[in-house]
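One structure below.
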Amino acid sequence: MAARREKNPSAERKGKNTQNGTQTSQVQWGRAWEVDWFSLASILFLLIFAPLIVYYFIMSCDQYQCSLTDPLFDLLTGNKHLSDIWSRTPTLTYRAAGIYTLWVTFQVFLYVFIPDFCHKFLPGYVGGVQEGAVTPAGAVNKYEINGLQAWIITHVLWFANAYYFHWFSPTIIFDNWIPLLWCANILGYAVSTFAMIKGHFFPTNAKDCKFTGNFFYDYMMGIEFNPRIGKWFDFKLFFNGRPGIVAWTLINLSYAAKQQELYGQVTNSMILVNVLQGIYVLDFFWNEAWYLKTIDICHDHFGWYLGWGDCVWLPYLYTLQGLYLVYHPVQLCTANAVGILMLGLIGYYIFRMTNHQKDLFRRTNGNCKIWGKKPEYIECSYMSVDGTKFYSKLLTSGFWGWARHFNYTGDLMGSLAYCLACGFQHLLPYFYIVYMTILLTHRCIRDEHRCFSKYGKDWKCYTAAVPYRLLPGVF
């Protein structure tokens, strides 16, 4: 959304400000200042069980052919003990450590030292130096947008190796999948711990830090809003976009290569998963500048939730469909394959067009047409911690008139398509749609709570104009 600023000399820099009929403390949006018991319980649950969930899913495929119930049955009946399962789990290896270190180092190099050149010859692509949204403290950070370039360079080298150089096998990721899991965990915990220490002792912008006084909440949800090293290395953008999402399509390609090696062919279901998830990944990098205005960048602080989540949760659980298809190859009939492809493409169309409408409205400050008409919107205002008043517009036309988060609806349709490509023999591939439904529903609620804190009574006007969150007439 477009925003203009106006200094409010009477607003206090500290203490409590009142805006739009809503009293807010210190900073009006972003993560919480105080921790309630439910939030703390949720944080502790995730810190304890999220790493175990990832291990359980990957172990189930490695030792139980992707069955989620057989390990529990063995443990409950006494056929096996936890020590038996753990002893069969591949350990960290020097080879995996070398692969992972080289991978992360290469992505850091592409991110920091290679300025974007794609925007110079790709019509419509926005890359290079771009401004982010206004932070709660009133700062506007600049970013070097070069994710598409990094993705292209990485994949060109991958295919050059596969078809010409033969430095390593295309199945290298699958072959080292569990040892690489330990490397990803080490990086995830290391960067999360460093971010917490940095937030306490040498933050990039002290005014954008939040301390609850609760160690577990601050570690999980983060203290710094935009931790950086130097001018350009932004933790949030790097770990959200690289190395996990760049790796997503490489991981799927490695799964396809393994399927070819084991069975002599790549099934149409594996091709569907590679194509549909590849479209999603490419969309992310093509619209990386737009991503600077999303909830991840605009609201979330950088802690374990993003640091560990982007290093471990994303690459390991978002790619379960491809992993499953290595163990259980599925050849779909033509009608089913076409139906799943159409579901995925329609979901992507809704996701992309919904976001495009919002982006167009924001870039033109409302001077555009949505579905051939002048857009309707709600005028709103908010203040940063230094008393600067900003004005914005909330779009109520097009898909944004149907539901307040209709882009998530398209995202869920695409997520379902990935899962359906795997057939119905096992539950494991369907974890993704269950997880995404919970995640995006929670995100709706979390985002709206922040928006109410930010916009006050203007947000109430907006929700009255657009009463549904995801499904018009339902929710």
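Cβ atoms are placed via backbone N, Cα and C, with glycine included.
TrEMBL labels come from automatic prediction, so no person has curated them.
Among the features that TrEMBL reports, compositional bias 'Basic and acidic residues' is placed at 1-15. The region 'Disordered' annotation in TrEMBL covers 1-25. Among the features that TrEMBL reports, transmembrane segment is placed at 37-58, 92-114, 148-165, 177-197, 262-282, 302-320, 332-351, 415-440.
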Stretch-level contact, the transmembrane segment (37-58) and the transmembrane segment (148-165), CB cutoff 8 A, at least 3 pairs:
no
Annotated stretches the transmembrane segment (177-197) and the transmembrane segment (332-351) touching (3 or more Cβ pairs under 8 Å):
no
Chain residues in Cβ proximity to the transmembrane segment (148-165) (below 8 Å; excluding those fewer than six residues from its ends, i.e. six or more beyond):
106-107, 110-111, 114, 116-118, 122, 125, 127, 242, 246, 249-250, 253, 257, 281-282, 285-286, 288
Go through 262-282, 332-351, 415-440 and flag the stretch with the largest number of C-beta pairs under 8 Å relative to the transmembrane segment (302-320).
415-440
